[in-house]
Amino acid sequence: MVDSQYYLPNDIGVSALDCREAFSLLSPREQMYSHFLSRAAWYGGLAVLLQTSPESANIFVLLQKIFRKQPAAELEPVAMAAGLTSEEYQAFLVYAAGLYANMGNYKSFGDTKFIPNLPKDKLKALVFASQSFKEQPGEMEALWDSCSSALFSLEGKQKQLGLGSKGITTYFSGNCGLEDAELAQKFLDFQKLSAYNTRLFKTEKGGKMSYEVRLASAVKSDCAIDGEGETRCGSFSFEDQEFTVKRGDYAQIMERVCHYLEEAQAHAASENQTKMLEGYRRSFTFGSIDAHKEGSRFWIKDKGPTVESYIGFIESYRDPFGSRGEFEGFVAVVNKAMSERFAKLVSSAEVLLPELPWPRDFEKDTFLKPDFTSLDVLTFTGSGVPAGINIPNYDDIRQSEGFKNVSLGNVLAVAYATQKEKLTFLEEDDKDAYIKWMLPSFEMQVGLHELLGHGSGKLFVQVSPPHRLQPQTKWIWYRGNETWDSRFSTIASSYEECRAECVGLFLCLNKLALSIFGHEGQDAEDVVYINWLYMVRAGLLGLEFYTPESSSWRQAHMQASFVILRVLLEAGEGLVHLEEVAGADGRPDARIALDRTKIHTVGKSAIQRFLCKLQVLKATADVAGGRALYDGYSAVTDSGPHDFLRLRDTVLLRKEDRKMLVQANTRVQGEAVELVEYEGSAAGLIHSFTERFQEDAEQLEADLLELSKRDSPCWCH
């Protein structure tokens with residue numbers, strides 16, 4: 001049908017995320033707290049549909065209406081009668097599951113569009129034969145007409161997310177380009193407004209351009225609200241352009257989030273939790289990032305809770321400009337045994353941080369010891385589920401007040417488990433060791449990456465005329481309300497992930513760090529070897545997420561891995577060997593190998609030099625120097641010792657799609673909370689979503705369609 005890059009295979013991995021034991025150990029009060037937080041997170045996660053593409057919300061509603069009336073098993077005979085083969089029906093189920101798992105029709109990991117792997121007329125026949133269509137033919141036909149064209153389209157820039165001619169985005173209206181994003185960032189900095197919970201819409205009035213900055217909030221009124229001080233809304237003139245700041249983006253969704261946060265407050269375990277939730281609720285009510293920061297401060301103070309959670313507009317990976325946050329919410333239960341290891345790592349941080357290869361002046365004055373826990377996830381909403389998190393992302397809080405780290409243990413156990421026959425690009429001799437040690441090494445890498453990677457290093461902020469650390473050096477500094485994201489914008493996310501990955505590679509060579517995770521002697525050496533081998537293989541796999549047509553990367557972590565691969569290849573001396581070969585099937589293949597005897601010498605020196613450069617350029621706000629360095633290593637060309645463009649074709653030929661995770665629901669039954677689990681299949685994932693919003697399904701679907709329709713004129717450019 002089409003390039004396999006643009007559809008999900010019928011045999012894609014789907015696994016259930018197990019949290020039964022962890023949930024059963026909670027007290028009734030903690031279970032109730034978890035339930036209401038999960039409801040807030042799931043409803044908030046629906047905003048991601050509107051943050052992803054113009055058609056995602058409509059496709060979501062179409063699928064919900066079909067599967068609410070007929071679960072997958074009941075719909076199958078209808079599909080057969082409508083002329084679909086069993087393979088085509090399975091392709092439809094996989095597409096639906098993929099849309100739910102990614103909260104939109106673009107892959108959360110790679111930002112590539114995916115379409116159903118069956119003919120459009122076959123899918124139309126199924127939709128029109130469904131029970132939902134029979135009961136509401138006019139409404140269902142209108143819904144099909146509103147999204148069916150975009151659902152299958154791979155025209156031009158619709159193939160991937162991006163800004164302007166580079167792709168699709170709903171963070172900006174369709175007529176915005178990079179210059180509009182840069183101007184808006186200057187305006188926001190001047191107004192002391194964060195971009196995290198905003199979108200930007202440009203319109204033309206009487207030949208003059210004007211910009212609307214829309215804040216996500218339940219309240220639509222732009223006037224000052226009691227208790228909020230002065231309103232941040234209104235009209236402003238900035239650099240001869242008119243800007244208007246308005247509330248009310250995703251209003252119906254934010255209302256529901258606030259309702260469930262208020263319910264959760266009644267079951268909070270401490271004053272910190274109560275104040276934390278109050279801050280979040282005010283943030284989503286009024287569109288105030290200051291209120292979210294206040295909630296985040298109480299979250300940091302909430303040390304060692306049994307139920308851990310965070311919610312808001314968090315990660316900026318999918319904003320093409322790199323400063324607007326995608327909605328995310330998680331609720332998880334602490335795994336006490338694994339958390340003990342992370343507590344030891346936190347206790348040893350002040351010994352390990354001085355080992356990092358930059359001058360003491362470039363490290364934080366004091367290491368603010370964070371919580372670092374291993375969690376079993378009950379709920380994780382947004383476009384995807386990560387393996388670990390380091391939050392909050394607010395630079396000012398991280399530098400002076402602290403942060404938290406979490407490793408998601410039950411996600412690691414399921415999402416990163418692998419089978420020997422699916423291990424591509426490795427020597428046969430490496431495969432068994434890779435399978436044996438991959439999870440222990442990845443667990444260690446996540447710990448070092450989150451705590452000492454994202455948690456290390458300072459930013460030099462000009463609070464008065466800057467002094468120079470060295471008389472002969474001119475430092476640039478962050479000024480006023482500038483942040484790491486706002487200064488480094490489009491490369492900020494990937495650059496920071498690269499810095500954190502390098503910290504993990506560098507410190508995993510440290511015997512103390514290895515012993516904290518229980519690795520000694522030969523086992524420790526095997527863990528180090530597989531950790532480094534995992535990274536160089538990831539660098540090769542990362543080529544899947546590069547788009548030659550626009551010379552752009554679509555995934556921050558995979559770009560970071562490719563950069564590290566380039567650094568290690570450049571180190572020479574036989575450290576990394578990469579060659580193109582013919583596979584057993586006669587088609588192009590590749591092999592990558594790492595000389596384990598040179599990791600502690602050649603490898604360590606290469607990462608040490610590169611890591612120091614990354615930190616110095618970041619700390620001093622040297623955007624020009626940082627871009628030159630990072631863009632140089634990110635370049636994918638057919639010149640030099642390796643033809644990376646040709647290798648990219650090989651990687652695409654042999655790629656394996658990421659697993660989709662099926663999450664449980666919670667349901668209140670009298671005074672108790674019931675955990676409702678689903679099978680690890682596409683049908684199970686679909687079932688979990690049709691049961692997730694039962695109490696107000698029809699009104700919710702109407703609200704989503706209204707929100708989608710409101711903005712539809714903004715994308716037609």
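Using the three backbone atoms N, Cα and C, a Cβ is placed for every residue, glycine included.
Annotated active site per TrEMBL: Glu450, in sequence order. Positions annotated as Zn(2+) binding site by TrEMBL: His449, His454, Glu497.
Sequence-distant contacts (6 or more apart, same chain, Cβ under 8 Å) of His454 (Zn(2+) binding site) comprise Asn390, Phe403, Asn405, Glu496, Ala500. Cα separation, the residue listed as 'active site' to Glu497 (Zn(2+) binding site), rounded: 10 Å. Same-chain residues that are not part of His449, His454, Glu497 yet have a Cβ within 8 Å of the Cβ center of the Zn(2+) site turn out to be Asn390, Glu450, Gly453, Glu496, Arg499, Ala500, Glu501, Val503, Gly504. If you take the C-beta of Glu497 (Zn(2+) binding site) and look for same-chain residues 6 or more apart in sequence within under 8 angstroms, you find Ala556, His557, Gln559, Ala560.
Close to His449 (Zn(2+) binding site) in the fold, though at least 6 residues off in sequence, lie Gly388, Ala500, Glu501, Val503, Gly504, each with a CB less than 8 Å from its CB. When Cβ atoms from all protein chains are considered, those within 10 Å of Glu450 (active site) total 28, not counting its own.
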